[in-house]
Amino acid sequence: MLFRAVLLCAALALSHAANPCCSNPCQNRGECMSIGFDQYKCDCTRTGFYGENCTTPEFLTRIKLLLKPTPNTVHYILTHFKGVWNIVNNIPFLRNSIMRYVLTSRSHLIDSPPTYNVHYGYKSWEAFSNLSYYTRALPPVADDCPTPMGVKGNKELPDSKEVLEKVLLRREFIPDPQGTNMMFAFFAQHFTHQFFKTDQKRGPGFTRGLGHGVDLNHVYGETLDRQHKLRLFQDGKLKYQVIGGEVYPPTVKDTQVDMIYPPHVPEHLRFAVGQEVFGLVPGLMMYATIWLREHNRVCDILKQEHPEWDDERLFQTSRLILIGETIKIVIEDYVQHLSGYHFKLKFDPELLFNQQFQYQNRIASEFNTLYHWHPLLPDTFNIEDQEYTFKQFLYNNSILLEHGLAHFVESFTRQIAGRVAGGRNVPIAVQAVAKASIDQSREMKYQSLNEYRKRFSLKPYTSFEELTGEKEMAAELKALYHDIDAMELYPALLVEKPRPDAIFGETMVELGAPFSLKGLMGNPICSPQYWKPSTFGGEVGFRIINTASIQSLICNNVKGCPFASFNVQDPQPTKTATINASASHSRLDDINPTVLIKRRSTEL
């Protein structure tokens with residue numbers, strides 16, 4: 001009888017044994033498949049490795065590994081030797097060859113077609129075809145794994161509030177040594193909200209941004225109904241209003257477009273744009289206004305060039321031109337600034353025409369998560385000689401009208417943003433958003449930091465001190481997580497030691513760049529079928545794209561052509577400004593900004 005009981009217990013134990021793939025035994029992007037309840041097999045197909053766990057390199061792979069420099073070495077070369085890079089930048093053949101390598105080496109790290117999502121940790125038609133899911137770079141940790149990170153770490157992750165308070169929250173503002181400014185910060189927020197549109201009703205693994213890329217739905221609206229409400233249906237233009245001799249977005253009343261505004265916001269300040277959340281802060285409405293003006297400006301140019309075209313063709317072609325302008329500005333101004341490279345990046349779709357490249361994209365939830373750059377935000381916003389708190393800034397379009405776009409551009413170009421990596425720089429005002437980012441990552445069962453580093457060809461960290469580059473935060477993290485292999489992705493990105501004089505650490509760049517460049521160059525307008533003058537109304541439209549920059553965008557649409565850049569030209573200690581005691585029309589004294597932002601989206 002006792003023997004039977006022992007056998008029964010053993011059988012029950014085996015039936016509840018952990019999934020053998022929980023330990024992530026397959027290396028170098030090999031795929032683990034369970035066989036029975038306690039065996040697994042690694043599929044090493046086309047990885048360049050073989051063996052039980054895909055750890056033995058093939059001959060050509062071994063040579064590539066010997067010759068390939070580390071990401072930090074590449075970064076060092078690209079951010080030093082300025083004289084050499086000045087020569088390279090002026091030799092088209094060399095510049096094109098290097099840019100082609102940058103694009104292909106980065107974008108080939110992204111699976112296309114997509115593979116996994118929050119509910120499918122294996123290949124399935126649902127994971128491929130259902131656009132309402134974010135895709136995944138790594139499958140979720142299986143439900144039957146013994147710990148949240150597979151087999152490493154404790155059975156429970158540390159309290160997210162404790163993680164936030166000990167290593168993420170700001171003690172004092174840490175400016176970005178790379179000189180990133182608020183013009184950049186609000187561009188990032190405005191630009192990414194066309195594809196980071198989490199469906200909060202369905203959960204963090206789902207998106208409402210079904211275009212999965214740069215389609216400018218934040219300008220034109222996600223649905224055809226919203227687009228039609230925003231359109232003038234005359235000369236291809238969008239609706240607008242004129243205030244003080246300048247063009248601004250129309251109101252909610254005039255368009256009947258749904259926007260998110262608290263009840264106290266006056267009717268005349270409820271501007272209506274493509275993204276319903278852009279009334280949150282005037283910095284977002286600034287860019288919404290600039291792109292509205294740009295669309296209507298391009299329509300005027302096309303109308304003059306093609307008087308025979310109807311409203312629909314003028315609208316659709318102008319949209320394609322603005323998509324092209326956006327991609328060019330993002331690569332040549334935005335990514336250029338973030339990289340810190342002396343090599344001059346170039347937007348030229350023809351560089352990929354003879355390469356293996358798929359013109360499609362699917363936004364990954366990890367890309368959404370890593371883009372939560374809340375440390376960029378300052379403690380206050382300086383416009384002209386006035387200083388606004390978070391409370392005064394929220395849902396207060398009156399500030400935009402009071403100061404005007406020119407002063408906004410000038411002020412945000414001068415105001416330095418915060419450093420993202422290095423820890424302890426998340427503003428208290430958005431702590432609820434940062435906490436939600438941790439909680440939602442857990443809900444989506446992200447794998448550990450080191451698993452993501454391996455996925456993107458980086459060496460895993462061996463200690464918390466190696467991660468942070470110092471001892472004090474490393475000790476806090478060790479007490480919280482115990483094992484470096486159990487370190488969560490999102491907090492790790494914010495506490496990772498920054499590269500020298502840089503805004504980010506290694507992991508943020510090496511994970512983010514492939515997602516970014518694949519999404520940009522995978523746009524249909526970059527394909528051989530689209531990338532030709534006739535797509536954009538002829539040479540005139542093509543020239544608008546090929547000469548676009550953040551400075552030209554501002555000059556063409558803001559009075560006085562104020563200087564615009566994504567970095568502070570001469571970083572100075574922040575001067576004391578006059579605190580603006582008035583919230584103007586906003587009446588926000590009784591509003592908690594962290595609650596408001598959390599209710600809207602963790603992406604804001």
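Glycine too: its Cβ is placed from the backbone N, Cα and C atoms.
According to Swiss-Prot, the protein carries these features:
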type	residues	note
CARBOHYD	N53	N-linked glycosylation site
CARBOHYD	N130	N-linked glycosylation site
ACT_SITE	H193	active site, proton acceptor
ACT_SITE	Y371	active site, for cyclooxygenase activity
CARBOHYD	N396	N-linked glycosylation site
MOD_RES	C526	S-nitrosocysteine
MOD_RES	S565	O-acetylserine
CARBOHYD	N580	N-linked glycosylation site
Relative to the Cα of the residue listed as 'active site, proton acceptor', which of the recorded positions N130, Y371, N396 has the closest Cα?
Y371
Could you round the CA separation between Y371 (active site, for cyclooxygenase activity) and S565 (O-acetylserine) to a whole angstrom and send it over?
21
Just to be sure I understand the packing, how many Cβ atoms besides its own are within 10 Å of the Cβ of S565 (O-acetylserine)?
19
Taking the Cβ of N53 (N-linked glycosylation site) as the reference point, list residues of the same chain whose Cβ is under 8 angstroms away and which are at least six residues distant in sequence.
P25, C26, Q27, G30, C42
Based on Cβ atoms within 10 Å, give me the single least packed residue among the recorded positions N130, H193, N396, C526.
N130
Please classify the secondary structure at C526 (S-nitrosocysteine) using three-state DSSP.
helix
Measure from the CA atom of N130 (N-linked glycosylation site) to the CA atom of the residue listed as 'S-nitrosocysteine' and give the result in Å, rounded to a whole number.
24
Any idea what the Cα distance is from the residue listed as 'O-acetylserine' over to N396 (N-linked glycosylation site), rounded to a whole Å?
24
